[in-house]
Every structure is written in C-alpha cells, then in structure tokens.
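Asks: Mind looking over this structure? Questions follow.
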Amino acid sequence: MKRIYLDYAATTPTHSDVFAAMEPYFGEKFGNPSSIHSFGRETRSAVEKAREQVAALISAKPEEIVFTSGGTESNNFALNGIAEINKTKGNHLITSRIEHPAVLEPCQHLEKQGFVVTYLPVDKDGLINSDDVKKAITDKTILVSIMMANNEIGVIEPIEEINRVIKDKLEKQGQKIYFHVDAVQAFGAIPIDVNKLGMDLLSCSGHKLYGPKGVGALYIRKGTRIAAFMRGGHQEKNRRASTENVPGLVGFGKACELALRELDSRVEHLTGLRDKLIKGLLDKIPETQLNGHPTRRLPNNVNVSVRYIEGESMLLNLDMEGIAASTGSACTSGTLDPSHVLLAIGLPHEIAHGSVRFTLGRLTTQEDIDHVLDVFPKIVEKLRAMSPLYKKGGK
Amino acid sequence: MKRIYLDYAATTPTHSDVFAAMEPYFGEKFGNPSSIHSFGRETRSAVEKAREQVAALISAKPEEIVFTSGGTESNNFALNGIAEINKTKGNHLITSRIEHPAVLEPCQHLEKQGFVVTYLPVDKDGLINSDDVKKAITDKTILVSIMMANNEIGVIEPIEEINRVIKDKLEKQGQKIYFHVDAVQAFGAIPIDVNKLGMDLLSCSGHKLYGPKGVGALYIRKGTRIAAFMRGGHQEKNRRASTENVPGLVGFGKACELALRELDSRVEHLTGLRDKLIKGLLDKIPETQLNGHPTRRLPNNVNVSVRYIEGESMLLNLDMEGIAASTGSACTSGTLDPSHVLLAIGLPHEIAHGSVRFTLGRLTTQEDIDHVLDVFPKIVEKLRAMSPLYKKGGK
Amino acid sequence: MASPYSEKVMDHFRNPRNVGEIANPDGIGKVGNPVCGDIMEMYIKVKDNVITDVKFKTFGCGAAIATSSMATELIKGKTIEEALNLTNKAVAEALDGLPPIKMHCSVLAEDAVKGAIDDYLKKTTGKGLPGWKPRNEEIHEHGH
Amino acid sequence: MASPYSEKVMDHFRNPRNVGEIANPDGIGKVGNPVCGDIMEMYIKVKDNVITDVKFKTFGCGAAIATSSMATELIKGKTIEEALNLTNKAVAEALDGLPPIKMHCSVLAEDAVKGAIDDYLKKTTGKGLPGWKPRNEEIHEHGH
Ligand SMILES: Cc1ncc(COP(=O)(O)O)c(C=O)c1O
Ligand SMILES: Cc1ncc(COP(=O)(O)O)c(C=O)c1O
C-alpha cells in the first residue's frame with residue numbers, strides 16, 4: 001500500500017540535499033569546533049557557514065543566531081533567559097492561550113517562581129488582537145511571547161502589529177518590553193524578516209523544514225541581554241554550552257538555504273493543495289467545519305472538525321488506509337482534555353474531540369489529495385454509523 | 001600529509017556502523033515518535049530500542065534513561081533538577097574543583113540563587129578523598145556531584161567509596177543525599193555498573209564514544225524525583241520535552257551496543273598505546289611530567305607538562321605536522337588562566353600553561369604513537385630554543 | 001505519545017462486533033460524556049435471566065470502540081450474574097492489554113454493561129443495581 | 001574556542017624572525033609573567049639612535065611568538081623615536097589581524113619594545129621613558 005504522509009507539521013523528512021550536506025560531518029570531518037587543530041577548524045567554519053544560512057532566511061545577522069537542540073529549547077531559553085535577566089524590572093509576562101506547550105509550560109513554571117502571566121484569548125478564527133496585548137501591558141511587563149503561526153490550526157498571528165504596540169510603549173513611556181516569537185511552524189513556511197517584524201527573539205526548529213531533528217536556533221537581536229540556559233563551555237559565545245552538533249547544524253543550515261530559494265514555489269504549491277483539500281472535505285462531508293482563519297493560515301494547514309465522531313478513531317482508520325494525519329483530540333496526548341487551541345477558539349468539547357489535522361508538504365501531490373478525498377468520507381460514514389451522537393438523516 | 005588524531009576526549013568520529021544505523025531515520029523513517037500513525041510507530045520503537053542499548057551499557061533499566069542533547073544538558077538537568085525539587089530540604093551541594101565546566105557553571109549559578117556549594121580539593125594525582133566528602137556533608141546537604149573520570153588528566157575517581165559515604169548517611173541518620181556522577185568521559189571507556197556503584201544520576205554523551213554529536217542521556221535511578229529541565233510536550237514521560245532526535249538516538253544506542261561488545265578489547269588496545277606514549281615522552285623529553293594518577297586513569301589519556309614552553313605553541317606545531325592534540329593552557333579557552341584542573345593538582349601556573357593532552361582512540365596505531373614520539377621532541381626543542389625560561393643544558 | 005494497540009484491540013477496532021441498536025431493548029446503559037470524548041451506549045435483550053442479544057454504539061477513540069466491542073462479546077449468552085462479574089480488567093485482558101492512558105475506556109465498557117443491567121433491573125424489579133453509579137466522573141478527575 | 005590565525009601570523013609563528021639573544025645588548029625589555037602564560041624578552045643594539053639589531057625570546061602562545069617576531073621586524077633599522085611610535089595595533093595589523101582574545105599579545109610586544117628602549121635610555125641617559133610601565137598587569141585583570 002502506498003503511504004501518504006500528511007503530518008508535515010509534526011515533522012518532515014530530511015531533504016536529500018540536506019542529508020548529503022551532513023554526511024561528511026559524521027565520520028570524516030568530525031572534529032570538535034572548539035579545537036584549534038585542523039580537525040576542529042574545518043568544523044568551526046562549517047558551523048559558521050550554517051549560522052549564515054539560518055540568519056539569511058530571516059534577514060538576521062549571523063551573530064544574532066544561537067544554535068539550540070530544537071524549538072522547545074529555544075522557547076525555554078527565551079522565556080527563562082529574559083525573565084531571569086529582567087526580574088528586577090518587572091514580573092509580568094504576556095502570552096496567548098494558543099501557544100505551544102513549549103511556551104505555556106515554561107510560563108506556568110515561571111508563575112511558580114513569582115512571575116505573573118497573562119494568557120490572552122483569541123477570536124473564533126484563532127487570531128490574537130493587538131489591542132488585547134496593549135491592554136494587558138502593565139508597568140511590570142517585561143516580556144510578550146506570541147507565536148507566529150499556530151501548529152494546530154495554522155493561523156498566522158499579527159506579529160507586526162503586536163510589535164508596534166510593544167515598541168510604542170518604549171517610545172512613549174520608555175518601557176522596554178521584550179518580544180519573543182515562537183516561529184517554529186512559520187520558519188521556512190512563510191517569509192520572515194526580523195527587521196520588518198521587529199521582534200527581539202525568535203524560535204525555530206530544523207525538523208519542521210526538511211532539516212534534521214534535534215537542532216534549532218534562537219534569534220537574539222543584537223544588544224539583547226539574556227541569561228544562558230545551558231552552562232558549561234564557551235560555545236555560542238557563552239550563550240549555549242555543549243559540543244556543537246556539527247552535522248545537525250550543517251543540515252539545518254542547508255535546509256534554510258533550500259527554504260529560502262524555494263519559498264515562493266513551496267507556498268504556491270501548498271496553497272493550491274490546501275484549498276483543494278479544504279473545499280473537498282467541506283463539500284463531501286456534511287456537518288464539517290474548518291478550524292482557524294480560512295486565509296490567514298499556513299499554506300500547508302488543514303484542520304477540520306467532523307461532528308459526532310472522535311479524532312483518534314479517524315486517525316486510526318486513516319492509518320489503516322496508509323494516510324498519516326494528526327488530531328487535537330485528547331486521546332493522543334495522555335490527558336482527557338482535547339486540544340487547548342480548539343477550546344480557545346470556542347469549540348465545544350465534543351467537536352474539539354472530533355478534529356483532524358492534515359498538514360501538507362513538498363512531496364504532497366494532487367493525487368494524494370484526491371485519494372484522501374476519496375477515502376476519508378467513507379471513514380467518516382463508518383464511524384458515524386456507530387456513533388450514539390449521530391442520528392441518520394441529519395439530526 | 002597523513003593526519004593523526006589524538007584528541008578523542010574532545011570528540012570522536014562517528015563509527016561507520018553507527019552511521020549506517022542512523023541513515024534510514026533521516027529521509028525514509030522520519031516520523032515523529034509521538035505520532036500514532038505508522039510513520040510515528042516505527043520511530044517510536046527505534047527510540048525505545050536505543051534506550052535499551054544505552055541502559056545495557058551501564059546495567060540500568062531502560063525506563064531509567066532520559067535522552068538529552070548531550071553531556072552539558074545532562075549535567076545542567078541533574079544539578080538544577082535535583083536542587084529545585086529538594087530546596088526545601090536543604091541548600092548545600094558538594095562537588096570537586098576538577099569538574100567539567102558543565103558542572104561547575106551550573107553550581108556557580110545555583111550559588112547565586114542561594115545554594116551553598118563546597119568545592120572539594122584533589123590530591124596531586126587528581127584523586128578526590130572520600131573522607132573529604134564525608135567531612136563536607138552537613139545536614140543541609142542534598143546533592144553530591146563528582147565526575148567519574150576527568151576529561152583533562154583522565155584520573156578515575158573513587159565513585160563506589162564516595163557512594164558508600166553518602167549511603168551511610170542515609171542508613172545511619174536517615175538523610176537522603178542524591179549522588180550525581182558526570183560520566184561523560186568514562187561512559188563506554190571503562191566498565192560502569194550503576195547498581196554496583198550506586199549513584200542516583202549519571203550523565204553521558206554520545207559523541208565521546210563514536211556516536212553522533214548532540215545526543216546524550218541522563219540516567220535517573222527509579223524513584224528519583226527531578227524537576228524537568230526543558231518543558232513542553234510529553235516526550236520522555238514529561239521529563240524532557242522536544243521532538244526526539246531520532247537518528248541521533250538510534251546512533252547513540254548503536255554506539256553503546258558496540259562499546260559494550262568491544263569494551264575489553266578497546267581497554268586493552270588503548271592501555272598499551274597509552275603506556276607506550278607516556279613512557280616514550282618521559283624518556284625522550286627531559287623535564288617533562290605526567291599529570292594525573294599513573295594507573296588510575298582512563299585507558300586513552302596522556303597528559304604531560306613540558307617545562308619552559310607553552311601549550312598552544314606546542315599544539316600549533318603538532319598541527320603543522322598533522323597531529324591533533326589538546327592543551328590545558330589558557331590560550332585556547334578565551335581566559336588568561338590555565339586549566340583549573342591542572343591548578344587543582346598543584347601545578348604552578350607556568351607549568352600548567354605548558355601542558356599537552358593526547359587522547360587515543362579505536363583507530364590509533366602503534367605507528368601513530370611512534371610518529372608522535374619522533375616528531376614531538378623536535379618541536380619541544382625548537383620551542384625551548386626560543387623560550388626565555390629555558391637555559392640550555394638544563395637550568 | 002500513544003503506544004500502539006495490541007493486535008486484538010486493532011481487530012476489534014477494525015471489525016467491531018455487535019454494532020448498532022436494539023429496537024425494543026430490555027435495558028440500555030449510557031455512560032461517558034462528550035466532554036471527556038467518550039460516550040458508550042449499550043443495549044441488551046434478556047430472556048430467562050440470560051443476555052440473548054447485545055449491541056453498542058460508541059463515540060470515542062480506538063480503545064473505546066474496541067472495549068465496547070469486546071464487552072458485548074463477553075456478555076452475550078451470559079446470565080445477568082455472570083455479566084455483572086465482568087470487570088474492566090477482564091475486558092482489557094481479553095484485548096491483550098491496553099496502554100495505561102486508555103484503561104479508562106475499559107472502565108467505561110464495564111460501566112456500560114452495568115448501566116444496561118441496572119436499567120433492565122429497574123424495569124423488571126423496580127430497583128436498580130444496589131449502590132451503583134458510573135465511575136467515569138471520578139476517573140475524569142483523576143485524569144487531570 | 002580559538003579562531004584560526006591569519007596566514008601572516010602562521011608564517012611568523014612557523015618561521016619567527018630574529019629569535020635569540022644579543023650578547024652585549026644596549027637594552028633589554030622583559031615583560032609578561034609566567035602566571036599569564038606569556039613572557040617576552042627583547043634585546044636591542046643601538047647605534048647613532050638607530051636600532052641596528054634586535055632579537056627576542058618568547059614563552060607563549062602562537063600569537064605571542066608571532067607578535068614578538070613581527071615587532072622585531074618593524075623596529076629593526078628604525079630610530080628610537082620611530083620605534084617608540086610602534087603601537088600594538090600596528091603590530092596586529094601588520095599580521096593581518098589577531099583574534100580578539102589574542103590582542104593582549106600585541107600589547108605585550110609593544111611593551112617589550114618600549115621596555116628595551118626604556119632600559120637603553122636608562123643606561124645611556126640615566127632616565128627611562130617618562131611615565132612608562134608595562135601594561136600587562138592591567139590587561140590581565142580585564143581578561144577575567
Ligand atoms: C509552534 C511550535 N513550537 C515549538 C515546537 C517544539 O519544537 P521541537 O519539537 O523541535 O522542540 C513545535 C513543534 O513541536 C511547534 O509546533
Ligand atoms: C567530563 C565532561 N562532562 C561534560 C562534557 C560536556 O559534554 P557535551 O559536550 O556533550 O555537552 C564533557 C565534554 O565536553 C566532558 O568531558
């Protein structure tokens with residue numbers, strides 16, 4: 001059976017060019033970049049090249065990029081590092097209810113240490129209102145952390161507007177508030193220019209854009225003071241100790257180079273497929289709704305709620321047909337609550353439990369979409385037939 | 001020119017079998033282990049197999065292994081995580097003066113947060129005295145962190161004795177003190193049995209034993225409570241969030257499997273070469289001394305101080321001859337102080353500045369050692385000729 | 001982080017036994033609630049104290065569907081007393097085990113059976129199962 | 001984390017110019033100390049206010065050796081006044097730059113030259129360089 005992967009938001013396959021770039025750095029060019037001998041020098045320059053490639057994708061300077069082990073570390077680093085340095089200035093943080101757990105959990109942990117966190121609501125499309133950010137700011141606010149694009153419903157947040165609100169505070173009242181953006185899903189998927197958008201910190205992760213797993217970066221605008229997250233050696237200018245994951249960083253750099261080159265064509269390709277899938281699902285399956293803003297969303301994200309049936313049982317059926325997707329249902333997460341994101345956009349629990357996310361990628365074809373549109377309605381029918389909530393002939 | 005790598009303590013080349021094991025997990029089996037579909041299931045089981053392989057090398061249970069991004073993270077995780085959970089019980093930590101910066105720096109950071117840290121001295125061979133540990137324990141002591149083998153001078157510390165001192169405290173006074181061991185250098189290099197040695201936590205890193213860079217593990221004895229270091233998703237049973245570095249973990253597991261199988265022969269091979277190199281250097285170069293205990297040391301570590309000349313200039317000359325080594329001289333580290341380890345064993349600054357570390361590995365041959373013994377004395381002679389400290393004919 | 005299900009679970013999920021409703025059931029058990037993401041309805045037909053037919057409808061995850069299906073198989077043809085002895089553990093074991101986070105589904109299945117018998121007893125004797133109420137609320141709280 | 005040296009630095013390191021001592025020097029500059037890991041000794045021969053010969057001995061890293069070597073080249077054949085104008089920056093520039101953490105080596109080289117001239121002036125005029133003392137102590141503190 002041909003397998004169709006539609007879970008690119010969870011992770012992506014490493015691009016063959018990326019793998020080819022990494023390969024020599026395992027067995028052949030393996031030196032520790034901190035070593036002064038020839039083995040170290042050749043990997044040092046490879047790491048610095050990767051730093052330039054990552055920086056270029058977001059129009060940053062190479063020295064503004066600190067490598068990490070992934071998006072989670074970048075987020076933990078940003079939040080803890082800014083909070084620690086600025087705790088004498090204030091103890092208030094602002095974030096949103098739809099952030100990734102890698103932002104929410106560090107926030108909750110900071111709350112235990114005496115910080116106060118405001119979790120902003122979103123509208124039914126998943127959008128944060130920059131006015132809400134404005135209203136939430138107090139003279140104790142030191143950090144705002146808002147994601148660029150949501151991992152579940154793909155909605156793209158108004159980062160530039162939010163930044164304006166924050167910078168206003170600096171210009172008018174002289175209050176410096178740091179702005180962190182979790183761009184793990186947006187990075188390489190839509191254009192990002194840190195100078196135009198104005199954030200102070202930005203998180204990204206290699207495995208979401210056809211790079212390897214286990215590497216990421218934190219963009220730290222020049223002049224931003226931040227406490228180190230991992231302490232030890234002098235790597236990353238004392239901002240992130242540990243022997244560099246050289247092949248990983250080389251691969252991450254290459255993935256960024258490819259993303260920059262192919263960005264427009266990827267967006268075009270994916271947007272077409274995305275809209276075809278959305279339309280097909282809503283047309284073919286009654287009582288189905290799209291979650292997240294219909295157009296201000298990632299080019300590859302389709303998230304639908306299918307009434308009367310539950311997400312995991314849809315996923316398992318899709319998997320039996322070789323189709324890999326994801327769900328915001330509680331059943332995959334080890335808790336009984338469905339996705340906090342779907343609840344935040346106002347879905348009732350039973351509808352939130354019945355949602356499926358298809359995320360498309362470079363290798364997704366028209367035929368793949370056609371196949372899903374052929375198979376999925378049958379699965380829905382089968383599951384609805386055994387659902388006590390579903391009364392035939394509409395309810 | 002043939003290059004000779006003698007800096008295996010800094011990092012090792014990825015073993016070809018390790019690379020072969022990793023390769024399929026980049027582009028082909030790339031699923032996110034948290035996904036329930038087939039792409040996720042195949043990587044989930046690969047991660048669990050790797051966990052078993054890592055556990056087996058130290059006779060631990062698989063569920064006692066938490067994967068990290070390397071030795072530095074494991075150390076930061078252990079120290080912060082135990083301190084945080086136990087801070088109401090006590091605020092005193094004990095470590096040694098010769099720990100890796102990835103232990104010392106987190107300790108210094110904990111001091112800023114109100115913890116008190118005792119840094120135990122070592123004797124001239126680099127050994128910690130378990131009596132000193134005993135004397136240092138107060139009723140506020142919650143954690144002892146001692147490395148298994150030193151990265152610079154290779155000395156192997158009396159972990160079992162230190163553990164006995166700590167366990168005595170529990171048996172006689174009912175005081176639970178956690179024992180963390182940084183085993184980054186010892187892991188895969190000498191036999192380790194966590195049950196025989198008795199520590200509660202143990203750090204290791206993949207790239208020191210022919211595994212990939214950017215992966216490591218923290219062994220956490222069953223029943224040990226520890227605060228998470230990275231927060232976000234539910235990975236590693238909530239103890240370490242972030243999408244798993246699947247190829248990295250697979251490679252790490254394979255490297256452990258190989259190390260377990262080849263441990264005896266590696267030790268034998270290296271011990272012979274090590275002793276040949278030590279003897280050769282001390283015989284051929286006057287006014288040279290071995291640093292670290294002559295026999296209680298890692299099978300692959302040779303650290304010598306060569307009077308009247310400085311470490312980096314030796315390294316650069318060796319590098320010009322294609323030989324890669326390392327130094328405890330300040331000049332490579334960005335500070336002006338020489339290695340804290342060499343100072344701790346009582347070397348005066350100028351002798352500490354003049355030290356070189358050769359660390360041997362699987363691929364090191366008798367010929368390599370012969371070549372070093374041929375080349376290095378000439379380098380020493382050349383540098384001594386330009387040293388103002390060296391008066392010809394011995395001083 | 002879902003562990004894969006056993007082959008037995010997947011078999012019952014793929015081909016659930018006894019799906020549907022019974023037109024004039026002698027007892028109906030309805031347990032679970034949409035907030036938790038699991039709802040089971042179990043219909044029984046009883047003759048001479050023996051469960052002669054049983055059907056279910058379930059809204060829920062793979063384990064919820066498989067445990068419902070297995071529970072119906074385990075009580076079909078059994079006496080009321082035998083059916084009351086069915087524990088959630090027995091359902092899980094009959095499925096070759098469930099991932100820990102899915103054990104609540106087996107509890108739901110047991111409760112659906114008990115609920116149907118409770119309903120049957122109420123209808124026939126005027127009194128339900130002594131002291132019985134569904135446990136899912138409880139479990140829901142523990143789940144957090 | 002050492003950056004690689006420039007080709008010029010490596011050239012002077014590989015083949016240092018003017019290594020050695022001068023038997024009866026007109027001035028000796030000794031700067032640095034073993035604690036910091038850098039010691040430079042510079043010997044000059046002066047005739048008619050011109051530095052006719054210069055030699056050095058250095059204990060130190062690659063940059064220390066290269067800056068010593070370059071400094072001797074830069075002052076050989078120069079007048080005392082010209083030599084006094086030699087700055088550490090000029091030494092570093094002549095070497096096509098030094099990594100930031102190595103700039104102190106160029107300071108040491110400048111100071112070794114000044115020290116040798118100071119010694120020469122003391123011997124010839126009875127007075128040394130006005131207000132001059134080596135800067136390495138200072139720099140040592142900043143390095144921490
Ligand atoms: C929005 C967002 N933030 C953070 C992360 C965490 O990234 P990683 O898994 O690389 O740690 C993810 C992906 O899982 C994500 O989608
Ligand atoms: C003893 C010791 N601890 C910790 C580390 C840090 O390991 P890593 O570089 O994998 O973070 C090292 C190696 O650099 C080490 O030798």
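Counting starts with 1 at the first residue shown.
Each residue, glycine too, has its Cβ placed from N, Cα and C.
The domain 'Aminotransferase class V' feature in TrEMBL is assigned to A:4-371. Among the features that TrEMBL reports, pyridoxal 5'-phosphate binding site is placed at A:Gly71, A:Thr72, A:Asn151, A:Gln185, A:Ser205, A:Gly206, A:His207, A:Thr243. Annotation comment: TrEMBL describes A:Lys208 as N6-(pyridoxal phosphate)lysine. Annotation source TrEMBL lists active site, cysteine persulfide intermediate at A:Cys331. Per TrEMBL, [2Fe-2S] cluster binding site is recorded for A:Cys331.
Would you situate these features in the structure and describe their surroundings?
Replies: Counting Cβ atoms from all protein chains shown, A:Thr72 (pyridoxal 5'-phosphate binding site) has 29 others lying within 10 Å of its own Cβ.
Long-range Cβ proximity for A:Lys208 (N6-(pyridoxal phosphate)lysine), meaning a same-chain Cβ under 8 A and a gap of 6 or more residues, is found for A:Ala9, A:Thr11, A:Thr12, A:Gly71, A:Val184, A:Gln185, A:Phe187, A:Gly188, A:Ala189.
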Asks: Checking interface proximity: list the recorded positions among A:Gly71, A:Asn151, A:Lys208, A:Thr243 whose CB sits under 8 Å from a chain B CB, in sequence order.
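Replies: Correct list, in sequence order: A:Gly71, A:Thr243.
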Asks: Out of A:Gly71, A:Ser205, A:Thr243, which binding-site residues have CB atoms lying under 6 Å from ligand 1?
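Replies: With ligand 1 as the reference and 6 Å as the Cβ limit, the list reads A:Gly71, A:Ser205.
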Asks: Return the recorded positions from the list A:Thr72, A:Gln185, A:Gly206, A:His207, A:Lys208, A:Thr243 for which some CB of chain C is under 8 Å from the residue's own CB; sequence order; 'none' if the set is empty.
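Replies: Listed recorded positions meeting the cut-off: none at all.
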Asks: By Cβ count within 10 Å, point out the most packed of the binding-site residues listed: A:Asn151, A:Gln185, A:Ser205, A:Thr243.
Replies: A:Ser205
Asks: Taking the residues A:Gly71, A:Thr72, A:Asn151, A:Gln185, A:Ser205, A:Gly206, A:His207, A:Thr243 listed for pyridoxal 5'-phosphate, what is the greatest CA to CA distance in Å, to the nearest whole number?
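Replies: Pairwise Cα check on A:Gly71, A:Thr72, A:Asn151, A:Gln185, A:Ser205, A:Gly206, A:His207, A:Thr243 gives a maximum of 30 Å.
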Asks: For A:His207 (pyridoxal 5'-phosphate binding site), what is the tally of other C-beta atoms lying within 10 angstroms of its C-beta?
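Replies: There are 30 of them.
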Asks: Given a 10 Å Cβ-Cβ cut-off, pick out the one of the binding-site residues A:Gly71, A:Gly206 that has the most other Cβ atoms nearby.
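Replies: Per the Cβ count within 10 Å, the most buried is A:Gly206.
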Asks: Quick test of your reading of the structure: among the binding-site residues A:Thr72, A:Ser205, A:Gly206, A:Thr243, whose CB sits under 6 A from ligand 2?
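Replies: A:Thr243, by Cβ distance under 6 Å.
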